[in-house]
Each structure stands twice: as structure tokens, then as C-alpha cells.
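For reference, TrEMBL has these:
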type	residues	note
DOMAIN	B:15-77	domain 'V-ATPase proteolipid subunit C-like'
SITE	B:64	site 'Reversibly protonated during proton transport'
TRANSMEM	B:12-36	transmembrane segment
TRANSMEM	B:56-80	transmembrane segment
């Protein structure tokens, strides 16, 4: 990490990457450096802004689902409609992509979708913290999907799961080459799966802060404020689309495991 | 001499970050290509379009991932190296 204070003098009044700093909750340090009393040597049990916002995400999901399913009216209230809509949307997606075999794993996919969606949306609240912009958070989700799918595939199909790498529709001399490529692309999955989510969120929020930095220059501040507003709208779209993309890719990977070796 | 080497390394770092960001242009072309072709197909056969939106998003996600990798390299150069 470079010294933020030194860069602040030459460039922006606010550093676009400052919003991603993990620091202790209930801690204040006036030092303008990235590594200060609040951020140095954080132990795993200490409560940081990441912990707090993940907890808020989970609480928000629980609140939506508890209040949404409390009434169970035939004519649903607004909150019940939202819950039903989310449920139906993901259920249909799992059924469409993975088929009847995959519906068993719907609860996990639903949990993933809701967690990412709510983390993304809560991260858009000004002054909040976007937990999904950290690779450490998304790589956990992606690795769980990767390990889960691999183990599930091996358990369900046995050694036949490895037939996925042997493209039987290709000409025989090409198959070893394709097998290598397939194996590499299989192991890159968790990397691209996690980096896509974290990268999109991080890029969007950094761009927003870059334009917010321009707002301190009097001449272009109206343009900058307009740009921040426009990008906020775009980020709202990105937050939902990335949650959707993460979930649908989980379903696609799941299909490989439950659908057997026919790739 | 020491300071000049540091300056040179800094220059290399920033130029490298800028070069890595070019990769995002490729992702932009790819995503635009997918979306444009989807729209062209959807206008020819609108009734088949809703069933293919999942494929559209999967395609966009795969195309975008590679651009995000280069963005990551740029970020690493800027803030981690």
C-alpha cells in the first residue's frame, strides 16, 4: 500500500480506494495513513466493519423472510410479494438451468443469491462498507461452490465425473489437448467466479469515488455530481446483475455435477 | 542514483497499470458483441428471446471475467506492488 496522505496532496482530496480499508469497529484514528492503530494487526476474532456489514446483511435477509412469511395471506402484502417474487425467481432459475435433479440444491443457491444481493445493495448506502468488494469474501463463496460441486460430482457420478474433461465429440488426436484445456478451465472457475463479483463491485465503487473527488473542483462540480448520480444508478443495476450472474453460474456448475458426464 | 531507480520503477508501475487496463477494452468489445447479437436475434424471433436471457447473462459474465482479470492486474500494480 502506498502512502495515502502523500498521494492526497498531489491528486484527489479523497482517495478512491480508501473505502475498502478494513478497520476495527468502534475505533478512531486521525492518522492519515492506511496502516494505523485501527487497521494494523487485526485478529480474526475482532469486530471490523466487514463483520458488522455481513451481520447487517444476514439480519436484513432474515427480517425480509420472517416478516414476508409471517402473514401468509392469499392476497400478499407488499413485503410478502417481494419474498415470494425472489423465491419464485430463483426457483425457476434453478429448475431451468439444472433440471429436476438440481432442485434439491435450491436452498443453497437461494442463500447465495440473497446474501450477495443484499451485501451488494447494502454496500451502495453512502458511508457503508461493501463486503462483496473484497476478494476474501467472494473467494469464500466461490470456493465453497467449487468444492461442493466437485465433491458432489465425484460422489454422484464416481470416476465418470472425470469424463467431463474427455470431449468425446472431438476428433481423437485433439482430445488430449482439449482435456488439458478443460482441466485448466475447470480450475480457473473459482478464480473467475470470485474475481468477477469482487472486481465489478470494486471497480464501480472506485469510479464513484473518483467522480466524487472531482466534485471538490468548483468548475466541474455540477458535472461530477451528475456523474455520481448516474453511476449510482448504474451500480444499482450492476449490484443486482452480479448477484444474478454469480447465482446462475453456480447453477451452471451444479448442472455439470448432477447432470452427469455429458458435457 | 537510488532515487532515480525508484522513480523509474514507479514509472514502470504506472505504465504497466495503464497497459493492463487496455485489456478491459477487449472485454467491452466482447460484451457489446454478445449483447448486440442477442438483440439482433431477439428482434428476428422475439418469442424465443425470454428463454435465452440466462444464456445472455452467462455469456456476458464469461466475456467480462477476462477483462476483470486485467483490471485486477492494474489494481495490483497500482496498490500492491
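Glycine is no exception: its Cβ is also placed from the backbone N, Cα and C atoms.
Taken together, the residues of the domain 'V-ATPase proteolipid subunit C-like' (B:15-77) have an average pLDDT of 90.
The residues of the domain 'V-ATPase proteolipid subunit C-like' (B:15-77), classed with DSSP into helix (H, G, I), strand (E, B) and coil, number 61 helix, 0 strand, 2 coil.
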